[in-house]
Structure formats: structure tokens, C-alpha cells
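Positions annotated as GTP 1 binding site by Swiss-Prot: 10-17, 57-61, 119-122. Swiss-Prot lists 181-188, 229-233, 294-297 with the feature GTP 2 binding site, giving sequence analysis as the kind of evidence. According to Swiss-Prot, the domain 'EngA-type G 1' annotation covers 4-167. Residues or ranges marked as domain 'EngA-type G 2' by Swiss-Prot: 175-351. Summarising the annotation, Swiss-Prot assigns domain 'KH-like' to 352-436 and lists sequence analysis as the type of evidence.
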């Protein structure tokens, strides 16, 4: 399901991040603590009155060295381009400032609903001061104390009221994938090369994100795919569209909409911190993953080049041991014909279901190899396991005490399940739960 987007904008020190965390609440989830996964809290999922939405803190996108007014103009532009609802945060302690008026004039021109949140209204006496904010021309101001959680429910009510109508569920038979990576790694060239393959029949379709054009194609076997438009690559972009932080946000939106994510690395430049950050988002979102090294034709190679690259990738992306690596060239079309079949196999892994009886045989065999651990004289006891969902495959292991299930033993069980059932290109999640 594609989630609508809510963007938070405002000048520095008005409490955007605090409000962001308050709205997102516990839904900013960290699936596991894995070295090498760099997290960024500019993007999360919020939920209110049974409506989910993607939440963006545009302040986290800025270049802190940029001029002050340029930063807030940048935020407003991103919000107007990306969001279905904009939350404009101002400070009740400071009153209306020149910067607030500057942003309001930009936002006034948009057709996107704007909710004016007056933050730092920490006591009832301050509520009388919020009326000055009517001068911004953005409708009723909502008094909020994000530190204390006061008034955030009213803001959330307004957000949900202004969200677009929920879209129908998409066809599960269609495999949705996206190409993500730093600017200038060759994503656009790869897209054009893939769509130029003789084996595919492509047609553009209107995307569900703002102004996006996704591409639908069918391979020679009749499998339907939708290539998610990433970062507006297929439309003319703004100057700021090629900044890395901005492309992080766009990539995360594409990840949300994808079943399988192709992480594209430039062979000429190698692996960068950005690559690990984006791959971490896809991993934590439970998406299928392929690591695509593009521009392979530009390297001088010997018999050890592939092995060296694979070793470096496995070292840099230790949390992606399950992801296949493929070396391609958009220019020469080297190995591009292998991508559709690889995407299909990973989609099958994402949707694979294991019968409980077969799964528990593997669990019992694993315990025989490596007995369950003890803590303070008490031994972990595993009663049974069952698969509860797909995309990604998720298993619940019922135990006597959740606290006795150490992360390392859970990882051992995961490895045993992988050895038995493969699960190519997809993370799998194991959850320990106390049997009632």
C-alpha cells in the first residue's frame, strides 16, 4: 500500500524534530541493531485513527552550511513538491518572525493543505498569544506543546482530515521494484537499458506519488513488473534534486513502494557512506535486495577483480549477506538480461511460506546442533515456531521466557532456516514470544 506523505517544515529551533518524534511515536522502528546500518530520523511512518502516512522532517534534509533563508526556502519547496499535507511549525514563545512570514508566502501559493502548528505553547496562558499567527494567512493556528504532547492530537486530527482518499490495494501479481543509489551512479541509464531489452514490453503508467511516472513492463514469460520512478529521474529535476540528502528522502519513498530494491553502486567510485545508509533503510523495511555494480565496463580487470569486489561489498554491507551481487554495464548491456529473472526469484523468496511441521523439524535439528542457552541457571525452552507473514517472511518462535532468547541465538536460528529454505535476496524476521 502506498502511503500519503506529510511534510514538516519550519525555521530552526521551533521544535520540528520533537514534533516529528511525537507524531511518529514508537512507530520509528529499528528492526535490529546491525553494525553498518546508518539510520536517519528524517523519515518515519505515523498512524492516527487507523490511517497510516509517511512523515518527513524536511529540516533534516538541509545543508547546514547553506544560508539561513535558502535552507527554509528549500524545505518549503520540497514540501510543496512531495507532500500531500504540510505541517508548518512556528514558535509560540517567539511569536511571528520574518522567517515565518517568508515561508508562509511560499506556502500560500500551494494547493497542498497546510496545517499551522504553533509549538512551545507549554502553558494555558500562552494560548492567548497564538492569534497573532492568523496574520500568516494559513488558517487556524493549532497550539501545541510537542515536549509535553499537548495539542498533538488536534494536529493529527487535522492531518488525517486532509489526507487524500485511500487508494485501492495494488495487484499482488505485479512485482514492483526500484533502482536506488547516489546521484550519478547511472540509474537513469540502467532504466533505459532495461526497458530497451528485447525481452520486455514497456509502457509508462501514472504513478501514485506526486508527478511520478512509473513504468509497467512484461517479460517474455508473461510476468508483469512495475519499475518505480525513483527521485523523479524520468522528469526534469530541480537544482536541489541531485543533493544526496534530498535523494535519500526520495529513495526512501521508492523503497516504501517496492517489493524488490536494486542498490546501484558506481564501479568507478566504489562504496560510499550514502550507499550503506540507503541499503540499511531497505533492509530495515524488509525489502528484497540486489546489489548492482554498474559501469563494470569502465574498470581494468584481472582474474581477482570480481572476488575483491565481492569481498569488499560483503565487508561493507555485513547486514546484506542474503543479497545477490551482479556486475553490469548500462552502456554495453552486460548481464542486464539476468535482472528480470533475478528479481522474480527474489519476489518468490519474499512470498515463500514454510509449513509449520517442516519449520519445526528444522528448529529441533538446530537445537540438537547448538542447545539453547541458559541465563542465571534458567534455560531457554523453545516450544514451537510458525510463520506469520510474508514480504518479508516473518516467524514467531514461542518460548518460556523472551528475555532468555539472546540476539545471537536468534541469529543462529535464522541462519539455520536460511540454510534449509534459501530465501534468496530477502531478509527474514524472527520474533521470540512467550507462550501463554
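Placement of Cβ uses the backbone N, Cα and C atoms for every residue, glycine included.
Projection of Swiss-Prot feature records onto the structure.
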| residue | record | DSSP class |
| --- | --- | --- |
| 10 | GTP 1 binding site | coil |
| 16 | GTP 1 binding site | helix |
| 58 | GTP 1 binding site | helix |
| 121 | GTP 1 binding site | coil |
| 181 | GTP 2 binding site | coil |
| 187 | GTP 2 binding site | helix |
| 296 | GTP 2 binding site | helix |
Cα-Cα separation of residue 187 (GTP 2 binding site) and residue 10 (GTP 1 binding site), in Å? 32
Fill in the CA-CA distance, residue 58 (GTP 1 binding site) to residue 296 (GTP 2 binding site), as an integer in Å. 35
Using CB atoms and a 10 A radius, I'd like the single residue among the binding-site residues 13, 58 with the highest neighbour count. 58
Helix, strand, coil residue numbers for the domain 'KH-like' (352-436) per DSSP? 32 helix, 24 strand, 29 coil
Can you count the other CB atoms that lie within 10 A of the CB of residue 181 (GTP 2 binding site)? 26
At the level of the C-alpha atoms, what whole-angstrom distance separates residue 296 (GTP 2 binding site) and residue 16 (GTP 1 binding site)? 43
Would you report the average pLDDT that the model assigns to the domain 'KH-like' (352-436)? 95
Distance check, please: Cα of residue 181 (GTP 2 binding site) against Cα of residue 16 (GTP 1 binding site), rounded to an integer number of angstrom. 27
